[in-house]
């Protein structure tokens, strides 16, 4: 409930599964109450939720504001070394582009592991795709031109992974084809129909 005033969480309950849509807070650049600490609390609460909700399969989607692995960004070295106005956080795991700090990536990995969740896109797409493999792109002018991150996801319970037929990002290229006026492009998921036994 503490996150509801921001409109960051929508949970839909169905007979055979739950769908969770979240807009995760941006980590920010400095260890302040409205950035690093806020994101740590968010990740802790998300982990608690997915572990406590394991009685039903889960589909978790939205702007999760994290790129889990090097393959999930176009330029890992650039994002790892990014700074805002030269500021360097005291904890080296908090250094770098928000969404690609080691601390965020570790917490996200823990949520997936402990929640028994699978990244649907990466489950199907093992290789890096510089044209269609990213859902967010920085400003088209300046040092961020052509620098992209995959921060929008469909995450599914391990119980559902064999039903993942397709998970695609509908934007591509340095000119942001398919981004429709946003710095994010749509992501879609298709599952095969479940058997009656799945209930």
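Just so you know, glycine gets a Cβ as well, placed from its N, Cα and C.
On a predicted model such as this, the values are computed, not experimentally measured, just so you know.
Annotation comment: TrEMBL describes 23 as active site. Sequence-distant contacts of residue 23 (active site), defined by Cβ-Cβ distance under 8 angstroms and a gap of at least six in the same chain, are 6, 7, 8, 62, 63, 65.
The feature active site, proton donor/acceptor is assigned by TrEMBL to 63.
Sequence-distant neighbours of residue 184 (active site, proton acceptor): residues of the same chain at least 6 apart with a C-beta under 8 Å from its C-beta are 63, 135, 136, 151, 152, 171. As annotated by TrEMBL, active site, proton acceptor applies to 184.
Feature annotation from TrEMBL assigns Mg(2+) binding site to 63, 65, 183, 184.
As annotated by TrEMBL, domain 'Endonuclease/exonuclease/phosphatase' applies to 5-184.
Counting every protein chain shown, the number of other Cβ atoms lying within 10 Å of the Cβ of residue 65 (Mg(2+) binding site) is 21. Feature annotation from TrEMBL assigns site 'Transition state stabilizer' to 65.
Among the features that TrEMBL reports, site 'Important for catalytic activity' is placed at 152.
Under the heading site 'Interaction with DNA substrate', TrEMBL lists 184.
In sequence order, 136, 137, 138 are the residues of the chain that are 6 or more apart from residue 183 (Mg(2+) binding site) and have a CB within less than 8 Å of its CB. Cβ atoms within 8 Å of the centroid of the Cβ atoms of 63, 65, 183, 184 (the Mg(2+) site) belong to the same-chain residues 135, 136, 151, 152, 182, site residues excluded.
Within 10 Å of the C-beta of residue 63 (active site, proton donor/acceptor) there are 19 other C-beta atoms, taking all protein chains into account.
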